[in-house]
Amino acid sequence: MGRFEDDAEVEDREVSPALTVGEGDIDASLRPRSLGEFIGQPRVREQLQLVLEGAKKRGGTPDHILLSGPPGLGKTSLAMIIAAELGSSLRVTSGPALERAGDLAAMLSNLVEHDVLFIDEIHRIARPAEEMLYLAMEDFRVDVVVGKGPGATSIPLEVAPFTLVGATTRSGALTGPLRDRFGFTAHMDFYEPVELERVLARSAGILGIELGAEAGAEIARRSRGTPRIANRLLRRVRDFAEVRADGIITRDIAKSALEVYDVDELGLDRLDRAVLSALTRSFNGGPVGVSTLAVAVGEEATTVEEVCEPFLVRAGMIARTPRGRVATPLAWTHLGLQPPVTGIGQAGLFD
């Protein structure tokens, strides 16, 4: 089985929930501009609406907001919507960009009252900047240290009242003190296919694509519950329809296009199937350690564990057990193989 040698190939998978190279502008054009336009996440939308409306009636700033969940579900879009709903300016940065306390102090000093500060990947913020953020979130001030050693002095600086919106794909990686300073936390879940159909219909309208209802359902079914993936697959299918058909996307056109791009009926791509194939054919379904499995497909263990495994576990094709990874009966049947008699759930597997 061939190695996926180029890291960019792994990162630019059609079913990757992360933004790929050159995708930012197109992704931005499809973003909803208000809570009313935002599709899916009904509980989060309702809760956010109450938080924002309450703040507007009081004439103050809402509590700091933490948005958590897998990539590609709309956390950045919601941050933009929060600023728009409040009629406030949005300042954007990311956790990795805040390496020093001075980086954060410079950004905070430029805020004006009621601004929204969005920190993406907030779990990756450096500790000195995080500790400065505590005081800014609680008391709207920061202490800037001038000088070094015994002669260093701390100068307090006032910060205009602002709302921090943090986004994270790993809420468990946040420190307790930082997490506790968010007054409202929303967890975003994967989308149902019917919700993705609505996302696709909206995007098709914006992009001027003729998309049949059955075609939308076909694309939605393969989009791994993620709007960003759905929109990417829509653009790939559009290219196929324009080059090899009359530009109209029917169900058959969608199926043919996604076969070309190696996205099967459950949303698995070539790398996913390579992992399942190694697990079933080379290791008889497991259990097997992730490092051994990674060697079998010629990949890094972190790639298998962080890129492939989350979806395969959620799709019910791989189970994590104390003894290692195990292929479920669904994995065997998806590959057209007969599950062994001693499959998952049999006595002794989890001993």
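The backbone N, Cα and C atoms fix where each Cβ goes, and this holds for glycine too.
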Given Swiss-Prot annotates Leu30, Arg31, Gly72, Lys75, Thr76, Ser77, Glu138, Asp139, Phe140, Tyr191, Arg228 as ATP-binding, which of Arg127, Arg181, Arg238 belongs to that site as well?
Arg181
Count the Cβ atoms, other than its own, that fall within 10 Å of the Cβ of Tyr191 (ATP binding site), considering every protein chain shown.
25
Secondary structure composition of the region 'Head domain (RuvB-H)' (265-351) [DSSP: H/G/I, E/B, coil]:
41 helix, 9 strand, 37 coil
Mean pLDDT across the region 'Large ATPase domain (RuvB-L)' (1-191), rounded to an integer, is what?
86
How many other Cβ atoms sit within 10 Å of the Cβ of Phe140 (ATP binding site)?
16
Under a criterion of Cβ-Cβ distance under 8 Å and sequence separation of at least 6, what residues of the same chain contact Arg325 (DNA binding site)?
Leu279, Gly286, Pro287, Val288, Gly289, Val290, Leu293, Glu309, Ile318, Ala319
